[in-house]
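Participant: Pulled these from TrEMBL:
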type     : residues  : note
DOMAIN   : A:34-119  : domain 'Pyrroline-5-carboxylate reductase catalytic N-terminal'
DOMAIN   : A:261-394 : domain 'Ferric oxidoreductase'
TRANSMEM : A:218-240 : transmembrane segment
TRANSMEM : A:260-283 : transmembrane segment
TRANSMEM : A:304-329 : transmembrane segment
TRANSMEM : A:360-386 : transmembrane segment
TRANSMEM : A:398-415 : transmembrane segment
TRANSMEM : A:431-454 : transmembrane segment
Amino acid sequence: MSADRQGDVSKEAKQESVLLRPLGTAAAPGQELVCVFGTGDMGRSLGLRLLQSGYAVVYGSRRPHSCGPLPQGAQATGHEEAARSAALVFICVHREHYDFLETLAPQLKKKVLVDVSNNLKKNLYPEANAEYLQRLIPGAHVVKAFNTLSAWALQNGPSDANRQVYLCGNSDEGKQAVAEVATKLGFTVLDKGSLSAARELEDFPLQLFPEWRMPLRVAVGLTASFFFYLLIRDIIYAYVDQGKDVSFRIMVSLANKVFPIVSLIMLSLCYVPGVIAAFLQLYRGTKYRRFPDWLDRWMLCRKQLGLVALAFAFLHVLYTLIIPIRYYVRFRLSASTISQIKENRTSVFDTTLAWRADSYYSMGILGFGLFLLLGITSLPSVSNALSWREFSFVQSKLGYLTVFFCTFHTYLYGWDRFLQPYGYKWYTPPAYLLSLVVPSLLIVLKLLLLLPCVNRSLMRIRQGWERNDAEDGSARVLLT
Amino acid sequence: MSADRQGDVSKEAKQESVLLRPLGTAAAPGQELVCVFGTGDMGRSLGLRLLQSGYAVVYGSRRPHSCGPLPQGAQATGHEEAARSAALVFICVHREHYDFLETLAPQLKKKVLVDVSNNLKKNLYPEANAEYLQRLIPGAHVVKAFNTLSAWALQNGPSDANRQVYLCGNSDEGKQAVAEVATKLGFTVLDKGSLSAARELEDFPLQLFPEWRMPLRVAVGLTASFFFYLLIRDIIYAYVDQGKDVSFRIMVSLANKVFPIVSLIMLSLCYVPGVIAAFLQLYRGTKYRRFPDWLDRWMLCRKQLGLVALAFAFLHVLYTLIIPIRYYVRFRLSASTISQIKENRTSVFDTTLAWRADSYYSMGILGFGLFLLLGITSLPSVSNALSWREFSFVQSKLGYLTVFFCTFHTYLYGWDRFLQPYGYKWYTPPAYLLSLVVPSLLIVLKLLLLLPCVNRSLMRIRQGWERNDAEDGSARVLLT
Amino acid sequence: MSADRQGDVSKEAKQESVLLRPLGTAAAPGQELVCVFGTGDMGRSLGLRLLQSGYAVVYGSRRPHSCGPLPQGAQATGHEEAARSAALVFICVHREHYDFLETLAPQLKKKVLVDVSNNLKKNLYPEANAEYLQRLIPGAHVVKAFNTLSAWALQNGPSDANRQVYLCGNSDEGKQAVAEVATKLGFTVLDKGSLSAARELEDFPLQLFPEWRMPLRVAVGLTASFFFYLLIRDIIYAYVDQGKDVSFRIMVSLANKVFPIVSLIMLSLCYVPGVIAAFLQLYRGTKYRRFPDWLDRWMLCRKQLGLVALAFAFLHVLYTLIIPIRYYVRFRLSASTISQIKENRTSVFDTTLAWRADSYYSMGILGFGLFLLLGITSLPSVSNALSWREFSFVQSKLGYLTVFFCTFHTYLYGWDRFLQPYGYKWYTPPAYLLSLVVPSLLIVLKLLLLLPCVNRSLMRIRQGWERNDAEDGSARVLLT
């Protein structure tokens with residue numbers, strides 16, 4: 001399960017030792033020759049893999065005779081000669097040094113140049129490396145590829161997150177040629193279209209869960225604030241008011257209040273933007289106008305919001321289920337039994353309470369089950385297998401059902417608690433009440449949208465209808 | 001996680017604003033020109049996306065000058081002219097209006113026509129829209145594509161369930177051309193073969209979990225009947241017989257009886273057809289003869305049956321785990337303790353009971369664990385990574401092990417209960433006994449099939465051997 | 001969910017009956033003709049499917065007139081004639097009988113030969129069947145394909161583990177032609193490169209979880225040894241020492257000690273090799289040297305080690321959560337309460353104990369949650385969607401966090417228990433202490449590697465730097 005890179009190194013070594021034998025026939029006529037510019041780690045790793053896959057490799061280098069250790073079986077020559085020798089040239093050079101390539105323009109004419117370069121950070125340069133390369137050597141077929149793989153994968157071939165080679169370029173035959181090499185190297189190829197996609201490909205290896213940032217920030221923020229809110233109300237208050245030290249409650253009781261609250265709020269937060277958008281469209285009378293940025297960004301991370309909420313719900317479930325094995329709970333229970341006997345009280349069974357408690361649990365379980373279902377359908381391989389009608393059915397219909405169950409679950413938890421004064425320690429409302437604000441609001445607004453009249457006009461707008469006449473409409477499109 | 005469509009609209013708007021700049025160079029020489037027939041929502045959405053991806057778009061329209069708002073950068077002309085101008089024509093017109101295309105046959109000759117149309121319901125027409133189109137314009141290369149995407153995805157590009165463009169057609173160059181456009185638009189392409197697959201593609205967007213219908217109906221049916229059965233036995237009986245109101249048991253106790261029962265029955269239901277089929281093949285002495293329809297339909301939804309059963313098992317687990325935190329249970333426990341003390345009874349520890357209870361739980365847990373494993377291996381991406389030998393090992397070997405564990409779990413639950421008269425309220429057998437019928441039968445039959453003699457001849461039949469002589473055999477194939 | 005094969009047969013039958021109608025027009029001009037050598041089950045199944053998909057099929061056979069039942073619509077002729085008739089020939093013959101093909105070399109020249117053969121066991125022959133075939137008929141374009149599908153899938157088309165057709169070959173047009181057929185038959189095609197990949201493809205259908213063998217052996221070994229260790233300490237000791245029969249504890253209490261122990265050890269076992277490799281690289285001062293075999297093998301099954309560990313952790317969780325509903329536990333609890341009252345003891349609440357118990361549970365839950373996350377990201381479709389930077393972040397950073405949580409969880413469980421003499425029955429240390437050895441060691445070593453100085457030089461080595469001078473370096477590569 002670990003992706004430590006050394007594993008691959010050794011694998012490389014192994015394949016090497018396995019595959020070096022065929023390389024005895026390196027000069028075989030059938031064997032294809034490819035050229036690699038650059039003898040850094042990138043160039044060497046790639047060359048090694050190419051040799052292993054049965055290619056002949058020529059390195060192009062400034063100092064062909066002192067360019068450090070090369071994978072065995074590879075030759076090294078000057079750039080011109082290397083460029084001349086092969087139809088396919090891998091550019092394993094940092095963008096900073098591309099300029100020297102300009103001088104090779106004549107030799108590289110009609111050649112396929114594979115730009116495998118990456119930058120250290122995004123937006124370092126006005127244009128993508130590959131586009132810059134194409135501009136330097138207009139006569140060549142520049143293809144962006146292999147840059148989304150780690151140097152390790154270039155040495156060792158496919159492994160977990162390094163199975164696919166994304167490529168893009170303006171020349172189809174160029175892409176075709178690179179695709180064949182990638183396949184021979186054991187990767188699966190994904191064509192991303194024209195060279196204009198190069199920027200996207202160059203940013204890919206730099207990204208670290210970009211679309212998860214915002215949801216995680218929200219989660220951390222909510223968790224922290226509710227944690228302190230509850231710390232004050234439950235722990236500190238008890239200490240100040242009755243001098244009791246119940247600090248141990250932090251570990252489970254308090255956590256198990258924070259998790260469900262955050263989960264419920266975040267779950268509803270991924271349906272709120274949809275409702276807002278709907279009202280915006282109704283107000284504007286058209287779907288052909290862009291939304292404010294904040295709304296866009298919000299919408300684009302709904303899936304992540306939901307999955308983080310699911311994680312919190314999962315923790316809530318586990319924290320709830322271990323309650324009965326807690327020392328504290330067992331102690332309290334037996335204590336109450338003992339006191340009952342000592343004081344010879346006889347407690348009577350309260351059917352309403354039983355009803356309420358049980359339905360409270362049922363709602364929670366059903367809500368969590370549905371929530372899990374939403375999570376499963378958002379797995380790439382599952383959502384790909386669904387028709388969009390099925391997907392939107394699951395995500396919106398079942399999604400709202402989940403919101404409803406979970407909200408109802410919380411209402412049942414609260415029951416009439418909000419009436420009791422002791423709940424308002426230091427004049428602060430109980431936390432669960434705060435958690436109910438967003439979902440309750442959401443449900444109300446959604447119900448409004450479902451009113452036949454409202455729903456009808458919304459549908460018409462979504463089918464392309466515009467309240468104003470055509471000219472004006474197109475004009476508006478022009479304005480955006 | 002939500003797939004509400006507005007999100008995409010806004011995304012569209014955003015991309016638009018981002019991408020409109022390059023469109024300044026709409027007349028750029030390198031830029032490809034495509035034609036779109038029809039200026040409805042479909043046509044506009046597609047055109048918008050095409051423009052964003054750097055294509056020049058010409059709309060073909062009856063009334064080029066009054067055809068409503070068009071995405072900016074697009075021209076509109078008459079059909080003939082538009083058809084002449086581009087090599088690729090998107091037909092975004094309802095099938096009802098295809099006839100006018102016949103008149104354009106000469107202009108559309110040798111052109112690639114992309115049929116993106118869908119119907120409102122299945123089997124509305126004798127032949128697929130795309131095939132109809134091909135018949136109207138035999139000289140054109142008709143390709144069915146993009147119809148499986150929502151209009152939203154056509155505007156906005158890939159999103160969860162809208163990543164793949166399925167296409168089919170009789171002309172390879174035609175498909176090639178469309179595939180390139182789809183890739184440039186950011187989708188991944190899946191070739192579904194010849195135009196005869198068009199019907200399938202046109203039905204795809206209409207489907208709403210077709211293969212889940214039957215399993216869900218079975219689940220609902222079983223749940224309802226067992227619910228009422230238990231309602232009568234557990235709640236109503238208690239009320240009539242002892243005047244006790246135990247209605248609160250509905251929420252958890254009763255549910256937690258219904259779920260496992262339905263789960264066990266449905267789990268075994270996905271192995272029953274296999275056994276039936278085996279016996280049929282043994283009886284017929286050949287595998288080259290079709291099964292009765294009901295058996296076929298049953299077999300094709302086994303996976304879904306299993307997954308629904310897993311969902312019920314999951315609920316059963318959660319409902320079981322919350323038992324100890326239920327008010328009712330806690331009350332009963334402390335009550336019993338108290339009564340013990342009052343009456344000064346000393347209960348002795350029953351080792352047999354402990355053995356039984358613990359193995360009952362163990363079996364349940366192991367069964368559920370295996371069941372979950374089956375569920376995971378049926379995820380598309382996982383089952384694709386397995387060789388069929390591995391897959392069938394997991395699904396049949398481990399599958400039957402799961403059935404065995406769960407059945408044994410139920411037997412341990414029942415233990416000697418079926419002997420006690422009080423179990424037969426109003427002369428009805430306890431529900432768990434009913435749930436054991438199918439799985440027990442299944443296990444017995446499976447064991448029969450595993451008898452060496454039976455198994456051997458079954459294997460031979462499955463390897464293509466036929467009991468009767470060849471001619472007769474082929475004849476039979478002819479008959480099917 | 002079941003993959004019993006009969007299901008497919010019947011499906012086949014159905015499709016057949018559905019699809020035979022078009023075959024009325026079998027002689028249609030547009031229809032492509034393919035040839036199948038061999039009339040065994042493989043040949044018949046494939047032919048059936050080809051006919052269903054609209055191909056005309058000619059069987060090549062020794063005895064064209066008595067070659068058993070053929071799918072209807074197919075003709076049978078002699079080999080020469082059949083070979084002449086079609087451009088594409090499926091070789092559905094056992095490798096043993098390939099030799100006769102040599103005589104057909106002239107007729108098969110320039111033809112595409114599809115080798116669908118499999119062997120009964122690995123490494124039966126020096127070279128892959130397909131390569132052998134190519135050697136026999138150098139003039140033909142040999143393509144290895146369809147062999148990874150079950151005969152059932154060849155009859156019935158895609159189903160769970162039979163969706164993808166892997167193919168390889170030296171001739172691109174050959175592969176192209178086969179890919180088209182595969183697509184028409186409803187499969188998705190995966191090009192695996194040159195014919196040298198044939199061996200891999202031929203081994204694929206034979207494999208039964210090869211990379212899972214070692215992890216499962218480890219799991220079984222650990223489980224067995226710890227089971228007996230605990231059996232002696234907990235059950236037998238109690239019987240010998242106090243003559244108490246606590247055998248019932250085997251089912252849950254004992255199992256719930258074995259599972260977490262095995263899980264923790266195996267979890268750390270998938271990070272140990274990475275650490276060893278790092279130290280090896282530091283010692284050698286280069287990454288360009290292969291590791292000992294045992295280390296390689298260990299590294300290549302880390303993912304599986306982790307997933308097995310996760311399964312054990314999952315069982316541990318369930319076994320823990322059912323504790324409070326166990327008869328034994330309930331009995332003990334009420335017994336203690338009763339005794340308390342009888343002896344009129346008043347137990348005082350121990351805050352430290354509460355703290356400890358609760359943090360113990362918290363650590364466990366958080367550890368399990370993270371562990372589950374690791375499991376999810378190792379699903380093919382998920383890891384494919386991650387950039388390798390993201391993947392390695394999750395798997396190594398979060399992975400070590402998981403190890404830490406789980407180890408801490410175990411330490412909290414032990415607390416000061418290791419000090420108490422009664423823990424060392426028969427001078428054996430408590431099992432949990434044994435389980436802590438590996439993870440503790442791992443964490444210490446990892447911390448060593450994180451020391452700035454150590455870490456820096458390791459990073460340099462991983463970026464391709466070598467301690468010794470270039471010549472020597474390349475020399476070493478040569479030596480490997």
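Here the Cβ of each residue, glycine as well, is placed from N, Cα and C on the backbone.
Could you place these features in context, so I can see how deep they sit and what lies close by?
Facilitator: Break the domain 'Pyrroline-5-carboxylate reductase catalytic N-terminal' (A:34-119) down by DSSP state and the numbers are 30 helix, 20 strand, 36 coil.
For the domain 'Ferric oxidoreductase' (A:261-394), DSSP puts the residue distribution at 109 helix, 0 strand, 25 coil.
Beyond its flanks by at least six residues, the transmembrane segment (A:218-240) meets 246-247, 249-250, 253-254, 257-258, 261-262, 265-266, 269, 305, 308, 312, 425-426, 428, 430-431, 434 of its own chain at Cβ-Cβ distances under 8 Å.
Remote same-chain residues near the transmembrane segment (A:260-283) are listed as 215, 218-219, 222-223, 226, 291, 295, 298-299, 302-303, 305-306, 308-310, 312-313, 316, 371, 396, 399-400, 402-403, 406-407, 410, 431-432, 434-436, 438-439, 442, 445-446, 449, 454, 457-458, 461-462 (criterion: CB distance under 8 Å, separation of at least six residues from the stretch ends).
Note on the transmembrane segment (A:360-386): residues 267, 303, 306-307, 309-310, 313-314, 317, 320, 394-395, 398-399, 401-402, 405-406, 408-409, 412-413 of its chain, located 6 or more positions outside it, place their CB under 8 angstroms from a CB of the stretch.
Long-range neighbours of the transmembrane segment (A:398-415) within the same chain, counting only residues 6 or more positions beyond its ends whose Cβ lies under 8 Å from a Cβ of the stretch, are 260, 263-264, 267-268, 270-271, 306, 313, 356, 359-360, 363-364, 366-367, 370-371, 373-374, 430, 432-433, 435-436, 439-440, 442-443, 446.
Beyond its flanks by at least six residues, the transmembrane segment (A:431-454) meets 226, 229-230, 233, 257, 260-261, 264-265, 267-269, 271-272, 275, 278-279, 282, 400, 403-404, 406-407, 410-411, 413-414, 417-418 of its own chain at Cβ-Cβ distances under 8 Å.
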